[in-house]
Amino acid sequence: MSILVFIEHAEGAVKKSSLEAVSYAAAMEGDVTAIAIGSIAEDALKSAGKAGASKVLHVTDEKLEKGIIQAYANVISQAMEKIGANILVLAKSSLGDPVAARVSAKLDAGFVSNIVDLPDTSSGFQVKRSIYTGKAFANVNITTEKKILGIKKNAVELKEDGADASVEKFAANLSDADFNVKITSQDKATGEVLLPEAEIVVSGGRGMKGPENWGMIEELAKTLGAATGCSKPVSDMGWRPHHEHVGQTGVKVSPQLYVAVGISGAIQHLAGVNSSKNILVINKDAEAPFFSAADYGIVGDAFEVVPKLTAALKAAQN
Amino acid sequence: MKILVCITHVPDTTAKIAFTDNNKKFDANGVQFIIGPYDDYALARAVELKESSGGTLTVLNIGTSETEPTIRKALAIGADDAIRINAEPTDSLFVAKQIAVHAKEANYDLIMMGRESIDFNGGMVHGMVGELLGIPAISPVMKLDIEGDKATMAREIEGGKEYLELSLPFIAGCQEPIAEWKIPNMRGIMSARSKKLEVIEPVSADVAGQLEQYELPPAKGAVKMIDADNVEELVKLLKNEAKVI
Ligand SMILES: Cc1cc2nc3c(=O)[nH]c(=O)nc-3n(C[C@H](O)[C@H](O)[C@H](O)COP(=O)(O)OP(=O)(O)OC[C@H]3O[C@@H](n4cnc5c(N)ncnc54)[C@H](O)[C@@H]3O)c2cc1C
């Protein structure tokens, strides 16, 4: 069974979520080929081999340096055809999702996203997907010959014991029509841990009182190697950028540890964090609903507890 | 400008999620249904665009007759007319094909919808419709301005934003802060009653994803409370029990 995995990269390295997607495909016992688009060093692409790919197709067309959705979908469809893959696997992302949607319509391939486990092929091709923003799951049988699987973070364990993959150049036939959208600029945080990729997330809510108090959230995050997040009112009021907003209408995270500071735990916030492995809540109100969704809790004033916790973590690291 | 907004009819964000019929059916008992919150953003921006540059605004829903109150609400918020395609919206590709067939015939300049529905969270219908119509589909769009047939927009990406330029026609999967949710006023509610809501039958299309069974996550264990004066204890638990640091 030939499987193609679309892998994304940022700042010179393949994204961890993409490597997880490669491991997912490898765990399906397929013959796994990865495809990467845009400039990245060949050595960096070999990491896909460790995760389980035997080969990486590298598309270096300059016009594809930016993520033009239509063109990417065309490249990937052609790559699937070339290697005879009936299955495309990819990690959930702002680029992967819309690209896969187009591939799905182009190839009439059933596309299921937010998959949390390996497929069950004992009768048909059944996958388990997260629905109702993490509040439930659905088991869905994909009935089309071609299939696209969008993988949620932490669906399988990342494998890192494979051999280096061979890297091969791949060029697709594209037309002007694939480039009728122009990306004028990107404004993107660099050097910080990105929220959807993070293993630990530290979020602050309205209980932090104002943007001037975010220093202690950032300090705690830095100590934990975590990304920072926030509740909706916090981004609505402009205390923090919108891409940090976690919840029903924001980013959905599934880290190993989610730390919520001064967040009440409204159902719409919980929807974005309920697939976290562990949740730690710091809130001065013992009745805050977040505590009933938490694994660990501290009732106390964030302005005292957070600096103390940061200091204790630092002490434990030394 | 001729605008189409596609809306979903979904359980309110506070609804209790439960299933019946041996976990094969959503338990709608006591659940209030709403316009999908992301679709509501799309609709709000569409109303603004119509107000500033004129044209028509149609809403479309694929659903059974139960969705009509939700459609009427969209009419009350400011859509001119509505179409309901009479089918269960269980599969994204099926839904996308219904939208595409209608849109091709009606020839819209702009198609807007939410970035994803909050029931199945697929986030793929806009992309599929874009491919079926051979036009761009951009999502999640957090800012959209249109002048003549040129549009500028901002799309959210991991850790920031991407700014784009493109020409009509295209599809936008929307999210906040593209516009503020609009609450229907009395006049809107009154006029919605007499606005046209056309029901059409679906075109035949295969279902690519067959739902077998729903499942609820296992219940969460009890929370361990740690004294605020004993953060060292917490550090130990994170290290030795949760094994996350
Ligand atoms: C359709 C819809 C979608 C929504 N989507 C989202 C979403 O995606 N994400 C989201 O977050 N919200 C969302 N909301 C909003 C949500 O309902 C809540 O209003 C919001 O999550 C509350 O944010 P908060 O917890 O930061 O603020 P609050 O509810 O005001 O809570 C502040 C908390 O801080 C605590 N506190 C105060 N001072 C201190 C202190 N010194 N130390 C420690 N604790 C302190 C308080 O006890 C309180 O629990 C949505 C709402 C709707 C209707």
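Here the Cβ of each residue, glycine as well, is placed from N, Cα and C on the backbone.
Going through A:ARG206, A:ARG240 against TrEMBL, the one listed in the FAD site together with A:GLY262, A:ILE263, A:SER264, A:GLY265, A:ALA266, A:ILE267, A:GLN268, A:HIS269, A:ASN283 turns out to be A:ARG206. For A:GLY265 (FAD binding site), the same-chain residues lying six or more positions away in sequence with a CB closer than 8 A to its CB are A:VAL281, A:ASN283, A:ALA288, A:PRO289, A:PHE290, A:PHE291, A:SER292, A:ALA293.
A Cβ distance below 6 Å to any atom of ligand 1 is met, among the binding-site residues A:ARG206, A:ILE263, A:GLY265, A:ILE267, A:HIS269, by A:ARG206, A:ILE263, A:HIS269.
Listed binding-site residues A:ARG206, A:GLY265, A:ILE267, A:HIS269 compared with chain B at a CB cut-off under 8 A give A:ILE267 as the close ones. Of all Cβ atoms in the protein chains displayed, 31 besides its own lie within 10 Å of the Cβ of A:ILE263 (FAD binding site). Other C-beta atoms found within 10 angstroms of the C-beta of A:HIS269 (FAD binding site) number 28, with every protein chain shown included. The average pLDDT computed for the domain 'Electron transfer flavoprotein alpha/beta-subunit N-terminal' (A:3-183) is 95.
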